[in-house]
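Asker: One structure coming up, written as structure tokens, with questions to follow.
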């Protein structure tokens, strides 16, 4: 009887581990801060609506995240701070203003926003424990993103930022 409980427990653990691996959950290290997140889940939700969102972007000549100096060459010691600020930016500014008349797109946006909220909370804990150092470089990079965002009306800026989510996800996945 004990052997059957052991095998049931072993099977349950291996199923859970397999589920975690297939869900794409990965540990990201941002300096001394480590968090788990499923970039593949976020990317999957974004891919489902990307064409729709990008078609709504009226300004193709400007970028919120791709501006030179925005996310390029962030020191590893400041990646936590920049990541924390970017997740705050998306939760506090972008997702609040991304509503469409398409309920499917809105559900996907809501799902992505919930994932971001979860990561934001984890990064917030690191920040509260002083594991995220915010220096001049991270402050300047976030300021550049905000300047780009605030140069547009709220709805256009939110749609553009959401349409550039793949830039952020690529940057996260390239993290050392």
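Note that Cβ sites are derived from N, Cα and C of the backbone, with glycine treated the same way.
According to TrEMBL, the signal peptide annotation covers 1-24. Per TrEMBL, disulfide bond is recorded for 33-126, 80-132, 81-134.
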Asker: If I restrict to non-local contacts, at least six residues apart, and a C-beta distance under 8 angstroms, what lies near residue 81 (disulfide bond) in its own chain?
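Answerer: Looking at Cβ-Cβ distances below 8 Å from residue 81 (disulfide bond), excluding near sequence neighbours, one finds 127, 132, 133, 134, 135, 138.
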Asker: Hey, how far is residue 126 (disulfide bond) from residue 80 (disulfide bond), Cα to Cα, in Å?
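Answerer: Given the Cα positions, residue 126 (disulfide bond) is 8 Å from residue 80 (disulfide bond).
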Asker: For residue 33 (disulfide bond) and residue 80 (disulfide bond), determine the Cα separation and express it in whole Å.
Answerer: 7
Asker: Can you check which residues sit near residue 80 (disulfide bond), meaning Cβ under 8 Å from its Cβ, same chain, 6 or more apart in sequence, and list them in order?
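Answerer: Sequence-distant Cβ neighbours: 30, 31, 32, 33, 123, 126, 127, 131, 132, 133.
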